[in-house]
Structures are given as structure tokens and as C-alpha cells.
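Student: Dumping the structure here so I can ask a few things about it.
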Amino acid sequence: MTGPVEGREQTRKLSAMRWRGGSGRRGTVAGLVLLCLLTGVVLLAGYANKARCTGPEFNEWGRSVPAFQERAYGHVCYSDIQKLWIGREVDRHMFPYVHGGITEDGDLYGGVVEYPVLTGMLMWLGAMFVDTDAGFLAASALLLAPFGVATAWWLGRLSGRRALLWALGPPLVLYAFHNWDLAPVACSVAAVFVMHRSSGRSLRGRAVLAAVLLGLGAAFKVYPGMFVLPLLLYVLTGGRGGGELPDGVRRFDVRGALGVAGASIATVVAVNLPFALAGFEGWLASFEFQSRRRVDLSTNSIWYWGFRPYSDTETFQQIIGVVSPLLILVSFALACLLGWRRRARTGTFPWIQVCAAMLCGFLLLHKVHSPQYALWLLPFFVLVSVRWGWIAAYLMADAAMGIGIFRWMYLISVGEPRGIHDGFAAQAVMIGVWGRAALLVGLFVAFLNARSTVDEDEESSSSRDRPLVGGRPAVSSEQ
């Protein structure tokens, strides 16, 4: 039986030339090329889906006419990319953040957008050479598509054929070009790739680079920043089986863990500082906008639907503004605690599984659950060996929401009957809201009990037979 260090070195050598399939078979680089080609085809389908909303004519501001909003909802081809061509000075090619701010009513002005600075830069670059919302969508798709293809390549190198879940998953068609989320998703997956397929570096060296990637991801969308904590704990405990503790460190690598935290913080500061110095009010406005955002019918969260009709009151909004982030932090702590318990049993802190569980907690408890957040979760269906039933159920509930919400908003916009007894649109929204919520609770547990697909010899078979929380002993590698 090989030790953890020897086994890890063998895995690195194999991964340098091959990609690993879920059944244990190994294929050539041709498999990765095919995977990326399939991803490209699906991305084209995703673009074609959104492009249905563009044109055929444009008004003086470059907005598609006629009836842009009604078509976007009714044909289920809405995208934030096309929508935000107007209203954030994107159409005026204004450099983001440095000249603007936020009004007392919560409206952004002067080129400020509601996203972190690197997403703002993507928006600015996408608008640079175009003068219509159709051109902006096309240019943005060209900027984002490489992130989607790179994600497929890394997932293929990490988990083999299971990466087809990313390449062929419905969320890629529905949401690839809904917003700018492919960039932070790529950063998150790249961090996992660096940790588990980057040869020739120590655990500390790999972890620092991964922390930088997560910091960059947080500068696109905040969520990759939450993964720094599980990564830190993985380094603190010496990686897989504790076999990569530095010489002279007997139990916990505190210095390595602090290096991870420092690298991620330094990256976020380095990216944000120029914008904060150039226009502090505009830079801060993007964060103020998110903190002021109300829970309403556009947020798709359990908070709005679970507390009707009280969710419209100002008191409720203030309470949720405090309760939601507190509960998210509790879910993070619980995921890390259960991951720590699993480490005591297996010898390895399951940082990928803990990341997945934390994301489930965030999606469930945050006051906003936008449709494209399914792209955040999809790579974890590849990286963690949860049962296919969980995956299929979540994708169906997500599709019900992703289609139903826009059909329902179309009915609202044209004044048609929209009650739950009037048709399937409102029913689909309820299936999406409560189906996803229930599945996220189940997935929180399933992820923490499951094996990662990245490391074949992550745990002994005897340790996998004992579930971490609830349930009965597993009889296979999937949970």
C-alpha cells in the first residue's frame, strides 16, 4: 500500500498526460479536446438563445425594438447583459466606478455598476467597440466564452468524463450569457486545478496560487472568496492525509494557512485599490447598492416567498438584512465543523466538499438567488461524487425556475392572469423556489458525505462506509 506522498506523486504524473473518468478508465488528450468542442457548441446554443431577444431594429440608444422587455420575458431570452446596456452608462462607454456614485434613492450613476470591479471591466471592454445591445451581447459572449471552455478543460483534467455535466448541462444553455458569471466560475475551478493537478510545487506554493485565483474570482463576483476558508483549513492540516506538512511542523501548518489568507486578501486589495483611490464614492457605491437591495419578486429567494405578504414591509427588509448574512455565516461554520469531524475520521480535511456545502448554504439563505447562480454549483456536481438523482432533481427544479420566472414576469408585464391557479408559469416558480430550497438542504449533507472525484485514493473504503451526518452507511462511492 502506497503512502500519501507516493500516491499523490503518481496521480500528478498521470494527470500530466491524461484525464480521468468516473469509472477509473483513462483517455488521451483527445478526450479533453472533444470536451472543449462540446462546450463550445453548447455555448453557441446559449448565445443563440439570448440573441433571440436582439433587434430586429434599434432605437437611438441602441436598444432593441420593438417591445424589448416583453419579448425578453415572453420568449425566455432575457439576459442581464443585454438589459444593462442601458441604465449604467455602458452605452456611453464610460469607464466604470471612478466618476459616479449612488443616490439617496439607491440609483447608480456615473458609470457605476452593481458588481465587483473586474466584472465592471468586462462590461466596459464588451461595450468598447459596439453601439447596440445586440453588439454588446455578442462582444460580451466573445469575452466570456474562453472562461467556459477553460473551465471544461480543467474539470476534464480533474474529474474526467464527469466533466460532461458542465459541457452539456442545461445551465450552460440557459445562463452562460445571462450575466458575467463564467469568469468567477473559471477562477474557482482553476483554484481546485492548481491544488490537485499542479506538479512541482509544495502544498504551500499551490495553496498561495489557488488563493490568488480565488481572490481574483472574488473581484468578479464575491462568492469565490468564501472558498478561501476551506482551503486554509486544508493547508492547516497538511493536505491529503496530513502528508504535506512542512519539515519541522508536527500537527498544524499555521504559517501556511496564514499565507493562504494573506495571498487572497492581498489579491483583492491589489485589484480594488486603484478604483478606490481613483473614485472612492463610485467604488463604494457598488457595495452599497447590494446592501440596500430589497427582497422582492425578482430575487427568487425563500425570504420573499416564505413570508408573503409581510415581505413587502420595511421592517421585514431590515430584519432580513441582518438575519440572512448571520444565517449564512452559521451555515459556513457548520460546514467547516462537519468537515473537521470528517478529517478526524479520514485524516484529510475535505475542502472541496466543504466549499460545495458552503455554497449550498449561501444559495439557500442569501436574500437574492438569481437564476445564473446554477453555474456556480454546476462544477461541484463534477468535482464531488453525489448521486445522480440529486443532480437530476436540482437541474429540473432549476429549469422550472429559469423558465417559469420569465414567463410569469411576462404575464405581469402584459396584465394577463398570473395566479398559481391560472397556469403553469406561477406553478413553475413555486417548484423552482421550494424545490431548489429543499434540494439545497439535502445537497448540503450529501456533499459533506460524498467523496471528491479529484483524488481516487482520498479515503480508505472503510472510512467511506460511515456517513458523516445522518443517513445509512454508503454502499458506493457516490452519496
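Including glycine, each Cβ sits where the backbone N, Cα and C put it.
Just lifted these from TrEMBL, have a look:
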- 27-48: transmembrane segment (TRANSMEM)
- 108-127: transmembrane segment (TRANSMEM)
- 134-155: transmembrane segment (TRANSMEM)
- 207-236: transmembrane segment (TRANSMEM)
- 256-284: transmembrane segment (TRANSMEM)
- 319-340: transmembrane segment (TRANSMEM)
- 346-366: transmembrane segment (TRANSMEM)
- 396-412: transmembrane segment (TRANSMEM)
- 424-448: transmembrane segment (TRANSMEM)
- 456-479: region 'Disordered' (REGION)
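Have a look at these and tell me how they're positioned relative to everything else.
Tutor: Tertiary neighbourhood of the transmembrane segment (27-48): same-chain residues 17-19, 21, 137-138, 141, 145, 148-149, 151-153, 156-157, 160-161, 163-164, 166-168, 172-177, selected by CB-CB distance under 8 Å and a gap of 6+ residues from either end.
Remote same-chain residues near the transmembrane segment (108-127) are listed as 81, 84-85, 88-102, 136, 139-140, 143-144, 180, 183, 216, 218-222, 271-272, 275, 282-283, 285-286, 289-290 (criterion: CB distance under 8 Å, separation of at least six residues from the stretch ends).
Residues of the same chain lying 6 or more positions beyond the ends of the transmembrane segment (134-155) and with a Cβ under 8 Å from any Cβ of it are 32, 35-36, 38-40, 43, 47, 50-51, 54-55, 58, 62, 64, 79, 81-82, 85, 90-91, 122-123, 125-128, 162-163, 166-167, 172, 176-177, 180, 182-183, 185-186, 189-190, 192-193, 197, 379, 382-383.
Long-range Cβ contacts of the transmembrane segment (207-236) within its own chain (Cβ-Cβ under 8 Å, at least 6 residues beyond either end) map to 115-119, 122, 180-181, 183-184, 186-188, 190-192, 194-195, 198, 201, 252-254, 256-257, 259-261, 263-268, 271-272, 332, 335-336, 339-340, 349, 351-352, 354-355, 358-359, 362, 376.
Proximity of distant same-chain residues to the transmembrane segment (256-284), defined by a Cβ-Cβ separation under 8 Å and at least 6 residues beyond the stretch ends, is recorded for 96-101, 110-112, 116-118, 203-204, 207-212, 214-216, 218-219, 225, 228, 231-233, 235-236, 246.
Sequence-distant contacts of the transmembrane segment (319-340), counting only residues of its own chain at least 6 positions beyond either end whose CB sits under 8 Å from a CB of the stretch, comprise 226, 229-230, 233, 291, 295, 303, 311, 349-351, 353-354, 357-358, 360-362, 364-367, 444, 448, 468-469.
Within its own chain, the transmembrane segment (396-412) is flanked in space by residues 70, 72-74, 76, 78, 170-171, 174-175, 297-298, 300, 371, 374, 418, 422-429, 431-433, 435-436, 439, which lie at least six positions past its ends and keep a Cβ under 8 Å from the stretch.
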Student: Which residues of the same chain, at least 6 past either end of the transmembrane segment (346-366), have a Cβ under 8 Å from a Cβ in it?
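Tutor: For the transmembrane segment (346-366), the nonlocal Cβ contacts are 192, 223, 226-227, 229-231, 233-234, 236-237, 239-242, 301-302, 324, 327-328, 331-332, 334-336, 338-340, 373, 376-377, 380, 383-384, 436-437, 440-441, 443-445, 447-448, 450, 452, 454, 458-460, 463.
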